[in-house]
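Features reported for this protein in Swiss-Prot:
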DOMAIN    11-250  domain 'ABC transporter'
BINDING   48, 49, 50, 51, 52, 53, 54, 55  ATP binding site
TRANSMEM  292-312  transmembrane segment
TRANSMEM  545-565  transmembrane segment
TRANSMEM  598-618  transmembrane segment
TRANSMEM  626-646  transmembrane segment
């Protein structure tokens, strides 16, 4: 039915058809060539029995669904040419939905439900709050703003739904069976509200099967079996179109408003982010147990990575410090077999004497030693016994903590005296004073004259404190039966020129051994570098193993998000109906995945620090690094976002009509 006063319809449908099925399933045509026009200010009732196609028609009118064929023009613009974001703009700015089932988000308060369209419109929070409270007060719900839907009666929930429809103006109210789930009194109140809105100039399109309800409209369109069978004015309710609303929705300015509105509204991202964070927190709190189980995977993953790397770094620093304590100018010389069938090379006393003459060398100390049984009283203990000269404390930077070191006189006389390591002292003497006591080394009595300062492990699990130093001459004569050293420790004259000293020793040894390289030279700096590389590899391996648990935590995030999308499908439909774009829904659920990851990551870091404290109490070397903590947290966040993307994308691609119809 055309209105001569308004030649350009606000809504115009021409030969609209809607089919379902196909692709191997039976095809059903729900709408069969529907054509109608609706002008600004009209109060229209679309009436029909269940299954007549009236709800499908409403979904197409409200841009929740697209027709299979035909044309739909809104204010002179072809809706088929609008993309999904532009149609979302129409739902947000032009339409307001009032559903039979209310379609309120259960976890949000009445005010938060009303504010939702304004959030996606980018309206500032203070203005949103004021407008939402004013609407609720206008509809008699001033005392119910903080109530959740389950705390409201059916009539109150429907009034919240109407307030939400009006939040962004609600120029066109689409009411689908608004009284269907209400008692007669509440239904009458809702219809009175719709009458009032129509009198104020809003376009009201009422979908109902009840002819008494339809009689409240100024125009009644009857739909039967997907076709319009009648379209007539209700003479008892004459039309009173509102010029104000029509001016607001003129076709001439719609293109500009669509171009402005379909892009990101100013300030919308902040409002949406805060809403996403609040929604995520509500969902996490409501499903506390399930959330805790999901967070547990992330917490364990982050804590594992941080602790493993901290233990690896602590071990590395400890070993490096202990190796460095022996001096970076140290060079080691020992015999070597150039091939499996050749005899082991021998470093002789003459070699030692020749090396001592080199200008690049500061000190030379031959060592003749091995792992031997040491006895004190009834205690037998295995320790490394090394025959050294008097330069031992200076070369290895290893002072004597108790007593004294042996002298040149002891060396010349092959005196059986011993300076024991810190660990040997603890094992054999405990807290007793060892100075002056005698120990048996391979049944040879040696008098303890000193105790070396504690040094710790030099590399791997070798404990440098598990040793005994005796005069080189005594070791050669009394214990090992040879004057040739097991190996030689050489201190370079300049710590910055260790490699030059090593080359000079190499050239000398080649001459002395007639070109035969039956010896091996290593320096402490190279050993430190090699050990550092080994420790880095170990740390990487530990971190990789721990990262697997972080990956498992990410899979947990994906599982919980898929479950969340399935459980909140109707909420997604509600958000789309109130103007959320696909990008808004995507950000909503990505934010929730990020929230899970952030909370889990922070809790994992806290747990890691607690574990580190316990390990430190147990004398385990632990060194937390900011880069490891930030890296683990970042990995948790990225993992959560990566694994949360698929569920978020699935949510964003849901069909609004199917989402609203889900249980």
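Numbers run from 1 along the shown chain.
Placement of Cβ uses the backbone N, Cα and C atoms for every residue, glycine included.
Because the structure is a prediction, the values reported are computed rather than measured.
Where the transmembrane segment (598-618) meets the stretches 292-312, 545-565, 626-646, the count of C-beta pairs under 8 angstroms peaks at 292-312.
For the binding-site residues listed here (48, 51, 53), the lowest count of other CB atoms within 10 A around the CB belongs to 51. Just so you know, the Cβ of residue 52 (ATP binding site) picks up 21 other Cβ atoms within 10 Å once every protein chain is counted. Of the chain residues outside the ATP site list 48, 49, 50, 51, 52, 53, 54, 55, 209, 223, 224 have their Cβ within 8 Å of the site's Cβ mean position. Cβ neighbour density within 10 Å is lowest for 50 among the binding-site residues 49, 50, 54, 55. Secondary structure at residue 53 (ATP binding site), taken from DSSP and collapsed to helix, strand or coil, is coil. Within the model, the domain 'ABC transporter' (11-250) carries an average pLDDT of 86.
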